[in-house]
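Per Swiss-Prot, the feature signal peptide maps to 1-22. Residues or ranges marked as topological domain 'Extracellular' in Swiss-Prot: 23-502. Residues or ranges marked as N-linked glycosylation site in Swiss-Prot (evidence: sequence analysis): 93, 134, 200, 249, 275, 296, 300, 306, 312, 463, 471. As annotated by Swiss-Prot, region 'Disordered' applies to 320-353. According to Swiss-Prot, the feature transmembrane segment maps to 503-523. The topological domain 'Cytoplasmic' annotation in Swiss-Prot covers 524-574, and the record cites sequence analysis as its basis.
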């Protein structure tokens with residue numbers, strides 16, 4: 001009976017031991033359970049199994065909701081941001097980057113200490129001390145010497161010592177990465193980067209978890225946790241960008257008929273795994289034009305019919321990969337011994353190489369080609385695109401200056417005659433810019449009503465003289481076509497109209513004076529001279545006429561009377 005009680009007590013004690021046993025990495029970092037066969041298949045080079053023990057004395061474990069998280073950092077909480085260049089093709093490298101975001105006004109200096117930013121210290125009402133954590137000043141040289149009792153804290157959670165590269169004393173953060181039942185430890189500053197090779201990983205989504213610890217005396221306390229999903233794929237990650245001239249919206253997958261579409265294939269390969277591989281592109285545009293095979297990642301194609309088409313692209317390449325296991329040699333089936341030949345054939349007694357078992361040859365070839373095996377990888381892209389009619393071309397046919405009834409030196413009006421091909425536009429926009437067509441000065445848009453010939457006249461005003469870049473854009477629901485031209489506006493003098501009027505008046509006045517003078521000269525030159533005759537009647541008449549003219553001119557030409565003394569005597573009767 002006593003022996004039975006002793007056995008039961010031993011079993012109860014053994015059952016209680018795991019509750020007090022040391023924690024393992026998987027207990028601290030995550031709760032995903034991975035079978036042993038998955039751990040062996042997904043083995044990461046340089047990583048360790050999360051079945052190892054965790055040094056809880058040097059790295060305390062805080063669960064979610066623990067009140068100690070609030071006091072883990074001075075001035076607030078530290079946020080860890082985890083990113084990756086996922087998805088990754090099997091065999092390539094995938095990189096994870098963790099960046100620490102400190103509370104407001106805090107940053108890491110060149111020595112690895114955490115300091116306050118000068119520009120916002122006064123806003124927080126801080127003291128004159130610039131440091132949040134001054135780790136380098138608080139450590140003695142003896143703390144960094146390996147093998148001493150004072151350097152026992154310079155270890156990772158699995159009790160492995162820190163590496164000692166140049167400048168490692170400035171690294172005050174410990175990053176523990178955990179995925180696929182394995183962990184990786186790294187010492188760093190406010191950012192850490194880890195790359196893993198995916199050659200042995202299973203395709204599918206996986207989770208990466210990172211826990212960050214900071215120095216706290218001779219221990220390390222957690223300050224942040226973060227996790228992110230990454231994807232391992234056995235298909236080449238492919239994306240295709242489609243662009244077309246005059247297409248109004250590149251993201252709606254609606255394109256124009258009779259204009260080439262540029263297809264550009266983008267392969268997501270951040271680790272340059274496919275740089276040395278020949279890649280072929282097989283296109284099927286869905287318009288019964290056949291299959292196009294190209295080695296170039298860009299291709300142009302023009303649809304000549306309206307409608308909806310299914311685009312299919314297959315990308316193929318060969319990448320290095322493990323060789324398949326050798327096929328086991330199959331022993332020949334048992335058969336009855338053949339009847340002896342009538343005469344012995346010595347040549348059959350020695351087996352020729354062609355009669356050797358195939359297993360030997362397969363094993364030999366497998367060993368030789370084990371380093372040169374390649375695996376075909378494929379990538380696929382599919383899209384449904386719609387082809388419609390649109391505005392194909394816009395051109396300026398004529399530019400004319402608009403005559404102004406009243407001179408306006410500040411503005412100049414110009415008429416532009418614009419034509420287009422294709423669909424009928426619904427809107428016309430004009431952008432007036434500087435001569436480089438970079439800085440817009442004026443933009444005017446208005447609806448237009450165009451007939452079937454697509455001919456319209458646009459009048460625009462220009463502020464002052466100079467050279468302008470004029471951009472005309474005609475658009476409808478699916479297309480947007482444009483054309484540009486340079487135009488020079490000559491200068492105008494504000495006083496030029498008044499000066500022109502004055503010039504005309506002066507010219508008219510000068511012409512009138514000239515005509516008058518010429519008329520007088522011609523009159524004097526051609527005036528006929530008639531002497532006084534002996535006829536008494538004529539004499540009396542002439543004398544009376546002279547007397548009458550003399551009396552009439554007397555009030556107007558008094559000064560000239562002395563020049564004609566004969567007229568001063570009164571007429572007398574002889």
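Cβ from N, Cα, C; glycine included.
Taking the Cα of residue 275 (N-linked glycosylation site) as the reference point, the closest of the glycosylation sites 134, 200, 249, 312, 463 is 200. Over all protein chains present, the Cβ of residue 134 (N-linked glycosylation site) has 16 other Cβ atoms lying within 10 Å.
In this structure, the C-alpha atom of residue 306 (N-linked glycosylation site) lies 17 angstrom from that of residue 249 (N-linked glycosylation site). Per Cα geometry, 300 is the residue among the glycosylation sites 93, 200, 300, 312 nearest to residue 471 (N-linked glycosylation site). Counting only the Cα atoms, the space from residue 93 (N-linked glycosylation site) to residue 249 (N-linked glycosylation site) is about 36 angstrom.
Within its own chain, residue 249 (N-linked glycosylation site) has 478 as residues 6 or more apart in sequence whose C-beta sits under 8 angstroms from its own.
Within 10 Å of the C-beta of residue 296 (N-linked glycosylation site) there are 10 other C-beta atoms, taking all protein chains into account. The Cα of residue 463 (N-linked glycosylation site) lies closest to that of 300, out of the glycosylation sites 134, 200, 296, 300, 312. For the topological domain 'Cytoplasmic' (524-574), the model's pLDDT averages out at 50. With residue 312 (N-linked glycosylation site) as the anchor, the candidate glycosylation sites are 134, 200, 296, and the one with the nearest CA is 296.
Note: residue 300 (N-linked glycosylation site) has non-local neighbours 260, 261, 262, 263, i.e. same-chain residues 6+ apart with C-beta under 8 A of its own C-beta.
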